[in-house]
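**Student:** So Swiss-Prot lists the following for this protein:
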type	residues	note
TOPO_DOM	1-32	topological domain 'Cytoplasmic'
TOPO_DOM	54-83	topological domain 'Extracellular'
TOPO_DOM	105-117	topological domain 'Cytoplasmic'
TOPO_DOM	139-149	topological domain 'Extracellular'
TRANSMEM	33-53	transmembrane segment
TRANSMEM	84-104	transmembrane segment
TRANSMEM	118-138	transmembrane segment
């Protein structure tokens, strides 16, 4: 395998360059990277790529039995389609659940007082459970009759 790597360098000669990092480029802080990851997670789970390509409406409308138009936030019976508000609401729930797991992880630090640990555990569990059960409610709105035991 080493000979295969050596073959191109028998013909090519590597230049002797001394590259330096520009002085205005700095290592971002951990919280900056974390914020970028959370924002990108929110946008991707919200279906921003789908929204840009398909250009769905922000909310839909449905005609009731009296002939009046009623706004709806969920595109029912379509798993592979969504309104913009539906994607944002689902993305908020997924992000809240992920943040709940991160809060639960942060509650394991050894130097946290007992009251703060209890509050972090409570907030983490509330975020995770609320996002889970609201996602189930959203699935029932999206696919009526689904998950009915």
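Glycine too: its Cβ is placed from the backbone N, Cα and C atoms.
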**Student:** Six or more residues beyond either end and a Cβ under 8 Å away: which residues meet both conditions relative to the transmembrane segment (84-104)?
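**Tutor:** Sequence-distant neighbours of the transmembrane segment (84-104): 38, 41-43, 45-48, 50-51, 56-59, 73-75, 120-121, 123-128, 130-132, 134-135, 138, 142.
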**Student:** Tell me the residue counts in helix, strand and coil for the topological domain 'Cytoplasmic' (1-32), as DSSP assigns them.
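**Tutor:** Result for the topological domain 'Cytoplasmic' (1-32), in helix, strand, coil order: 13 helix, 0 strand, 19 coil.
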**Student:** Any residues 6+ beyond the ends of the topological domain 'Extracellular' (139-149) with a Cβ under 8 Å from its own?
**Tutor:** 74-79, 86
